[in-house]
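A short write-up of the structure that comes next.
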Amino acid sequence: MTEFVPLTWHDTLYLAPELILAAMFLILIVTDLILPGRTNRAIIGWLSLAGLLLSLAAVIWRMIDMNPSGVSAAEAAEAGKAISLLGASYRVDDYGNLLKIIFLIGTSLVVLLGLGSTQKDDAVTDKAEFYYLLLPAAAGAMIMASSGNLVTLYIGLELLSITTYVLVGLRKRSSLSAEAAFKYVVTGGIASAFVLFGMSYLYGVTGSVSLADFPTALPQAFTDYKALVYVGFFFLIAGFGIKIAAAPFHIWAADVYQGAPTPVSAFLAVIAKGAALAAVFRFLYSSAFFLTGGPGKQAGDDVFFALLVIAAAAMIAGTVSALRQKQVKRLLALSGVANAGYLLVPIAISVTIIHSNNFSEFVFYLVAYLLMNVGAFAVVTVIARAAGHEELKGFSGLYYRAPWTAAAMLIFILSFSGLPVTAGFFGKLFILLGAASVKAYWLVAIMVVSTVISYYFYFGIIRQMFMRSNGEEEDRIHVPAVTGTVIWICAAATVALGVLPGPLMKWIDAVFTIQADLFVR
């Protein structure tokens, strides 16, 4: 069993990104209490953004330190070793670092999106708690990405969950928000119970909560406790399936996304979903993956096949359910169900000699998904302000009233659709080629068919923007500078990755290694 090693002051330097967020969270609570009631709470938003960027800088600094240039291969390997803290319960490695960068950038864009909104839009972005609650939520996502045992993983999951429960229900005067908060708390509680129940079974059969012990303990336990191992894994899959809104566990998503403030919906769509996927990725490759080569081979194969089935179901259910949607946030929620399926594919096809770069595919598409989702939700805030609602008809004649915003939304729609030249095209292509390389042709067929079907509702938005008129073409839509900045950061990055995907993929492959960064030893 892994021995517990006390945390030293030197070790806290490795935890700087998380500690920065924790310290800023406490500072902002006190600041909010002492500020006069009439003071604009946007200052809390800007301070939250500063804390997120400072944490991001700390993560990047750690990555540079772990991946030095101009040194020998032996020195580079030594510098790149994962750093285990608190008895391997928390890891600092390039797997976690890459995902933390995504989570922090995504949360920063959500804060900017909130700063670009007004009280009229969501009735929450003038409240300080909207901004500072995003900090512990981001910290929870980061903890999930770096967890080295089941306890740490669950703590990160609950930190993320509890803060998002509050964020979803911040619009106290909105019946939709109250309904969304209730549904999210109930389904989130069920998901947490499933995850904890599954963890308890695996702890019971292995005698350890450390992921470092699972590669040896789990195959041994499988011989005597085959049924319990199956139960543990499938409760965990069901629990995380609810968290990522993958079919058939996705029923809550549309109502919650519709009722939540738009920036919160963007956070749930990207950071909350990405954190759960990151946890599944690391957990399965520290447990079920090691069953595939021993007496538990059938169980390991069954776990990964179950993920493939869920991925396929998510792609089909999300796409079909979105066909008749007229409410844009509900449409984006159901689109997110389908995209959860795409993101599960690199995890579920497993690492083989033939196909070993599934993490690169996962990260690339997660980045593409972040950009097109946050950008699309930013456009929704603009439309909702102008039209007074979030229906699809609000996009009518957008090209004539805000041509640059319409152009940006066109980029996001093309990326969602997986068409050139956007990040979504290469993201889906890399995942499709990965599935084809392991001969999962049935899954390739489902990916292609679901993508083609999705053109109907994605192009419906394009048709509204460019081919429909609401008779108010002379009424120009005002786009706040901060919101416009978010939209064009996302649009420019989406096109850049669609034109030059190679540099990002090569960089991920250069800093990430399966043995050192994914497997917990």
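First residue shown is number 1, and so on along the chain.
The backbone N, Cα and C atoms fix where each Cβ goes, glycine too.
Per Swiss-Prot, the features are:
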- 43-63: transmembrane segment (TRANSMEM)
- 98-118: transmembrane segment (TRANSMEM)
- 128-148: transmembrane segment (TRANSMEM)
- 150-170: transmembrane segment (TRANSMEM)
- 185-205: transmembrane segment (TRANSMEM)
- 227-247: transmembrane segment (TRANSMEM)
- 261-281: transmembrane segment (TRANSMEM)
- 303-323: transmembrane segment (TRANSMEM)
- 363-383: transmembrane segment (TRANSMEM)
- 406-426: transmembrane segment (TRANSMEM)
- 442-462: transmembrane segment (TRANSMEM)
- 485-505: transmembrane segment (TRANSMEM)
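Segment contact holds for the transmembrane segment (363-383) and the transmembrane segment (261-281), given three or more CB pairs below 8 angstroms at sequence separation of 6 or more. Using a Cβ-Cβ cut-off under 8 Å and counting only residues 6 or more beyond its ends in the same chain, the transmembrane segment (227-247) has close neighbours at 157, 161, 187-188, 190-202, 204-205, 218, 221, 253, 272-273, 276-277, 279-280, 283, 287-288, 291, 296, 299, 302-303, 306-307, 310-311, 313-314, 316-318, 333, 336-337, 340-341, 343-344. When Cβ distances are compared across the two stretches, the transmembrane segment (128-148) makes no contact with the transmembrane segment (442-462), since fewer than 3 pairs at least 6 residues apart fall below 8 angstroms.
The stretch from 150-170, 185-205, 261-281 that makes the most Cβ contacts under 8 Å with the transmembrane segment (98-118) is 261-281.
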